[in-house]
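In what follows, a single structure is set out as structure tokens and then discussed.
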């Protein structure tokens, strides 16, 4: 037990792991702050996280499962994510700490469970920027921009920027992502900290506009029968028992 400090800790072993059991003062200084991330910020980040799938990830699902197969996969994933959102909301209310999945797993499964969960989250967020960088490089290479015949310089540059922003600070990364989203969406009203969280903001994304333009351009080529084309390649898609899952 440490003495003479504001935050006293005690060491103990559990399941072969030596870790510190901290006092209530330690936890009080690491609780979530009210107003740090309001619904506007979270909604904006949600759009920023998933909109890239409409330009990249969905293409693989359409190629493998067709419109019908991708629709089935979308319904299944929407159901799963709805359950996950409600589950995380309940856990966050019961354990309002900044540890997220790591904090939940450590409380329920002990230090080893928390460590495994934390490593899985770390791997996920290390791979996600790499996947996005590959898609960005692929688009630039396909469009022939900057005279590049290979997308690997774009992969490295984008990955370095993305990881660098997050290493600089999670809060700064969240606000920068939201600011970029806001800049491309054309936000009505000022942005900044709690003020942005307390305002109802009307937004329209450039990415969404691009999708709308694509839909309008492709409308003359619409064929109703394609909505039921679950197995466009014969062996692929739902017929093989492996519906492509959109990420």
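For all residues, glycine too, the Cβ spot is worked out from N, Cα and C.
Positions annotated as transmembrane segment by TrEMBL: 36-58, 112-140, 152-169, 176-193, 199-219. The domain 'Amino acid permease/ SLC12A' annotation in TrEMBL covers 53-171.
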Folded-back contacts onto the transmembrane segment (112-140), same chain, C-beta under 8 angstroms, at least six residues removed: 15-17, 52, 55-56, 99-106, 146, 148, 151-156, 158-159, 162-163, 166
Secondary structure content of the domain 'Amino acid permease/ SLC12A' (53-171), with strand meaning DSSP E or B: 106 helix, 1 strand, 12 coil
